[in-house]
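Per TrEMBL, these features apply:
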type	residues	note
REGION	60-91	region 'Disordered'
DOMAIN	338-600	domain 'SAM-dependent methyltransferase TRM5/TYW2-type'
BINDING	R428, D466, L467, D494, G495, N517	S-adenosyl-L-methionine binding site
Amino acid sequence: MAASKLVLRPPPSLILTLFLSSNQLRLLSTPASATLSICRRPTSAVASLSSQSQTLNSPTLPLYGPSLRKGSNLPIKPRITDSESDDDGGQIDEESFKRVFDVSAIRVPAKDCFLLEERLRGHLLNWPRIRNIARVPGDDVEKRFLDLATKEETTGLDNLERRMYGRADGDGERLNSVLYRDKLVKSFDSNGFVNFKNVVKMSGPLRRKKKVVVVDEKVRKLGERNKDGRNGFALVEVVEDADGDEGGNWSGLLGDDCYRGVRWKGPTRLLLLDESYANKGVDELPEAIKVVLSSGGHKTSPAPELVRCKLTLFYSYWQMDEILEALLPDGMVIPSAFEMVGHIAHLNLRDEHLPYKKLIAKVVYDKHSSKIQTVVNKTDAIQNNYRTMQLEVLAGNHSLVATVVENGLRVQVDLATVYWNSRLATERQRLVDCFTRDDVVCDVFAGVGPIALAAAKKVKRVYANDLNPQAVEYMERNCVLNKLERRVKVFNMDGRRFIHAMFTSSKAESITQVVMNLPGDAAEYLDVFKGIYRDKPKGGKFRYPTIHVYAFSKAEDPEFDFEKRIRIALSEVAFEIKMRRVRLVAPGKWMLCGSFILPQSVAFAKPSSDM
Ligand SMILES: C[S@@+](CC[C@H](N)C(=O)[O-])C[C@H]1O[C@@H](n2cnc3c(N)ncnc32)[C@H](O)[C@@H]1O
């Protein structure tokens, strides 16, 4: 923690600065208290990843809890550099998201803080991600300094301050570094040196840097923040007591009965009080707080005291939807959902968002920078044969190669050249769950191989095919990545030719499952099964595989519609088809899976066309 210099006797009007590091805060659970339910924050970052919901900008000012529309602030304006060029530049004025809130706190000995937090829980701030207990860096004083500071025979604090900051004994002037060092050498023994890092630096040999450390973007940003005294997303500052007050008379706030004349010794903590108690005098506070304030109060343990604080929340504190709500025009739907493919956040922006696309992408990137390295938007519907998406990179690095972990498998994809849809993970698993270890699977439209790989972990053998050479390359790579290359045989041909090749070869005797996952067209490929065994020797033993075929349907009765298409493709009605709705891909448009055993009559029928 980047603590400020240790000042045990603060000059008048000094503001003691307390830093809440983001690491600390991340570790802390949000207090589950009444305030949570009234804070306007319905979605967490994680929820927003999976949620499809969208939120409308709400103009009402929340009564409780932090809000960008509360506290002292600057106006927030999106910087649209050139809306004509459809490029907002993605610049965000982070300063304008700084909000300062007045809060009161009780300063208590560190050792009592958890007990008192428990006792006062209903009266504490309880803001999301803000810890009720704030630390005072200079208050964790080493005992030997404390002894030195409180020694009667020396001048205590003056003496210590002189030794630390190099002032001469009499006049308080700063010594030059040589005299200062000389003085330290005389004043401290060798053990004392280790506590003064500057002295060690001055005296010790220069250390060589062993290697160049590449600092990632987030760490670098944090480092920059530390330089200007900020660490993390919140900052608590104590506004000092009446004697040194710059901003008004605070004496009532300090409590008339509270400890005076005796300095705080040892570590202390601040218990941040509910926002409704800000600017209130002791008399106006609830009994439970008054009881705490009047407890203690002897020389070794001073009474808790009421102090006024400023709580500053920075850009990094606010969540994605809060920032977007402030940036985007009133009434605009806030894009709160996106899909994740490995490190890539995949937005699906509406037309109205397009003038703000880079701004939106920047906020998404900033707010999930631990998980996201690239933010893209889909620019066009999937139309091509390989089912790849037209994507525009809006923020982060331009690599569209991602590694996805799905159902325990590592799958590498290049979104620029192959098909991928994370939303099908459950469906893929469901399908594989119905296979057994005796199965031999043919995956006709396998893409980069998520079904084929999952099946390969379970079944005897998998034949996987795709028309897209890039998909086939990634499929082979994924087989190796998951150590399944011996169980999967990969093909690169048209689906129709593949089915024909498989079922007219000796492999046909072993194939038990066929997967046809090309919902746009797969049903139209079914006719290839007509007469597929016609050339086989009569009286032989044949397997009739189970075929799982996918389709979309916009019909009022999607099952009926899809069944009809299957029967027409196979020119057969007398067989059973199990129908299942997979998911609604658009309003009124279902994705379905139909599963049936290839009817013998179809396998020996007259072929509809030559291969
Ligand atoms: C909807 S994707 C499914 C991929 C995979 N099953 C998955 O779940 O990720 C369809 C795949 O079929 C491939 N494809 C399209 N037309 C094809 C054809 N005529 N023959 C073989 N594969 C084809 C595309 O390249 C694409 O990878």
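Using N, Cα and C of the backbone, Cβ positions are placed for all residues, glycine too.
Structure coloured by features recorded in TrEMBL.
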residue: R428; record: S-adenosyl-L-methionine binding site; Cβ neighbours (10 Å): 21
residue: D466; record: S-adenosyl-L-methionine binding site; Cβ neighbours (10 Å): 30
residue: L467; record: S-adenosyl-L-methionine binding site; Cβ neighbours (10 Å): 19
residue: D494; record: S-adenosyl-L-methionine binding site; Cβ neighbours (10 Å): 14
residue: G495; record: S-adenosyl-L-methionine binding site; Cβ neighbours (10 Å): 20
residue: N517; record: S-adenosyl-L-methionine binding site; Cβ neighbours (10 Å): 21
Which of the three DSSP states, helix, strand or coil, fits R428 (S-adenosyl-L-methionine binding site)? helix
Average pLDDT across the domain 'SAM-dependent methyltransferase TRM5/TYW2-type' (338-600), rounded to a whole number: 94
By a three-class reduction of DSSP, D494 (S-adenosyl-L-methionine binding site) is assigned coil
In which DSSP state, out of helix, strand and coil, do we find N517 (S-adenosyl-L-methionine binding site)? coil
